[in-house]
Each structure stands twice: as C-alpha cells, then as structure tokens.
Amino acid sequence: MSSSFGKIFRVSTFGESHGGAVGVILDGCPPKLKIDINLIQNELDRRRPGQSDITTPRNEEDKIEILSGIKEGLTLGTPIAMLVRNKDQRPADYNNMEQVFRPSHADGTYHLKYGIQASSGGGRASARETIGRVAAGAVAKQLLKTFCNTEILSWVKRIHDIDSDINKEKISLKKIDSNIVRCPDEKVSTEMIERIKELKRQGDSCGGVIECLVRNVPSGLGMPVFDKLEADLAKALMSLPATKGFEIGSGFSGTYLKGSEHNDSFIKSDDSSKLRTTSNNSGGIQGGISNGENIEMKIAFKPTATIGKEQKTVNAEGKEVLMKAKGRHDPCVLPRAVPMVDAMVALVLADHLLLNHAQCDLINN
C-alpha cells in the first residue's frame, strides 16, 4: 500500500481512523525555513470534525505534536515528524458492519485486495488519514509563501445542485471562512447549509465541487511528458477521499470552443520571467509547465458513501444483507475538504519548486 507522495519534498502518512494516532513524516524540507506552528494548527482546525452542525459530530481536538525536524521555529533539514492523537473513537458503532461491505465504500475493494481490513472507522480509507497531508501541506504553504509569495485559495463552488459564481479577483481566505460551508457567496452559502441540514435529517448525503485558485505561481514548474504539473496536481487531488473528477483551466467546457476562441494570446510583460496572456483557458499551465499566470482548478467530490438509510449490500461471505450505517459521518465532505485541497496543491507546488531549482538553477544562474 503506497502511503508516500512527492520526489524531493516527500510525505509519508500513517495511522487509521480508530487507531492510536495519525500523522506524517515530511522529508526533504530545506533547512532554516521559518515555521509558524500556529499556522499548521489553523489548517488542522479548518478540517477538524465537529466544527459545525453540518459536519460529523465526532469531536476531536486534533492538536498537532511536532516530534522532530523543527527547533525554535526553524526547520533543521531533517525529517519532520508530526502527530495527532485520536481521542474520540467509537468502534462499537461499526460492530454491525464488521463483515458487511458498505455500498460505494472502500470496504469491499480493500477486502478483495488484502483479504482483511480495518472496518472500524474506515481505517486508511477514512478522511482522518488526511490530517498528515494537511499538516505537511501547511509547511509547504509556508515554504511557498516565503520564497514565492504564492497564495493557495480553495472554496466550495457547488453543493448538490446549488451553484455559485465567485469573482476570483476579490476572493480571500477571510471571505471563504466567513461561513461554515466555506462558500464565499453569502446568499448561496445559506442555501447550501440548509440543503446539507435537510439531507442530514433524511439520513442522506450530497457531493459537490471545490474550486481552487493559486496566485503568484513561479513560471517553470513542471516537466514535459510524464511529470507535467497538471498531471501531478490531478494525481494529488484525485488521491483525496471521495474525489471523482478534476478540471484545470477551461476543462471540459473548453471542448465547446474553437481554437481561435480557446488560445491564450501572449502579451508583453514588464516581468521577463513570466509570460502574460490575455485569457487563461490553459489554467496557468502549458506543455506541463507553469507560465506564471494563476492556476485554476475544479475538483468533484461524490456524496458521502456512509449514510443513515437502509441499503442492500453483501457481506464477506457473499450473502445479500440489509444494512443501515451507524457511526458519525459528514452529510457532505466538502466544507472540511477545502483545507485538504489546499494542502495537496501546496505539496505538489513545493515539490516542483525544489525540483526546478535542482535541475535548472545551476545553468540559468
């Protein structure tokens, strides 16, 4: 089972939903980087369960413990080990699901592959695995901010069939976090919250779309062919639980345009290190390499698989059974997935920033 990601800026996550702890080993972070531990904790608080009445009622503090790699606010260049202890597990909620495969959940496929699985809390398939990613991503965000002034902003664009149209020029973290659903449109966010509450009362769930904008992206990140920047971003984001789709730039809507309509024309720039364009249908990446424009992406999340309605399924013996899930689950994963998206984008960009310096700086400088 692969639990590691990245080439130079490399993360390895560990732990399970109902185990003793979850965490991450971050290797390859440059030394002497100033790290604000509070910013790491802030990101974990944004993904923490029990933060509102539209998320899972599981109540975890998710307090970060730094075990190694950071001393007096500076990175040492050695592996950074970070840990969060699980304190509010209820494995008894899963007794009736021990050998029953939840529809559209990882239970069945894990059993087919390994012949054994940690059914309690979903094990490694649980979103608690992403705690390590978010902690490491918070370090990556500080690296990107320090060296490039890069800003990563993600927000909930759509919940179920309730969509928003956000002005990307005016988007800010303050606006995103101004409500519990993390949609920076006050009117639409109210509708989204009511829809989630309604589905929660019905024992059901919903999915939606998260949009991500990256500002102040260095040009030259990414490589041709197999290590294209958008390919690595897609892999990173599609590795998150419940993801089912990825778009960059114009995405699928670009297929309705002609080449003359879709092409991003280059224009003169005062900064010779960047290529400015009149439009951004490419989403800031061309030929697999960043051009310096904003990176714009959308990520689709399916409805939460574990719901409170009775469903038909089979057990490990292949017998048909009826099941109604217990446990504490998000009726919609998107509000808490926003910092997860931020984290994975930050990890990819930090890794490619270091790769670009390793390959090109000796010659270009």
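The backbone N, Cα and C atoms fix where each Cβ goes, glycine too.
In three-state terms derived from DSSP, Arg47 (NADP(+) binding site) belongs to a helical segment. Per Swiss-Prot, the feature NADP(+) binding site maps to Arg47.
What Swiss-Prot lists as FMN binding site is Arg124, Ala125, Ser126, Gly287, Lys302, Pro303, Thr304, Ala305, Thr306, Arg328. Taken residue by residue with DSSP, Arg124 (FMN binding site) is part of a helix. Arg124 (FMN binding site) has a Cβ environment of 21 other Cβ atoms inside 10 Å.
Secondary structure of the region 'Disordered' (266-290), assigned with DSSP and counted as helix (H, G, I), strand (E, B) and coil, comes to 0 helix, 8 strand, 17 coil. Sequence annotations record features per position, and here Swiss-Prot assigns region 'Disordered' to 266-290.
Of the recorded residues, Thr304 (FMN binding site) and Arg47 (NADP(+) binding site) place their C-alpha atoms 16 Å from one another. Residue annotation for FMN gives Arg124, Ala125, Ser126, Gly287, Lys302, Pro303, Thr304, Ala305, Thr306, Arg328. The furthest Cα pair among them is separated by 44 Å. The separation of Arg47 (NADP(+) binding site) from Thr306 (FMN binding site), Cα to Cα, is 19 Å.
For Ser126 (FMN binding site), the same-chain residues 6+ apart in sequence whose C-beta sits under 8 angstroms from its C-beta are Glu16, Ser17, Pro241.
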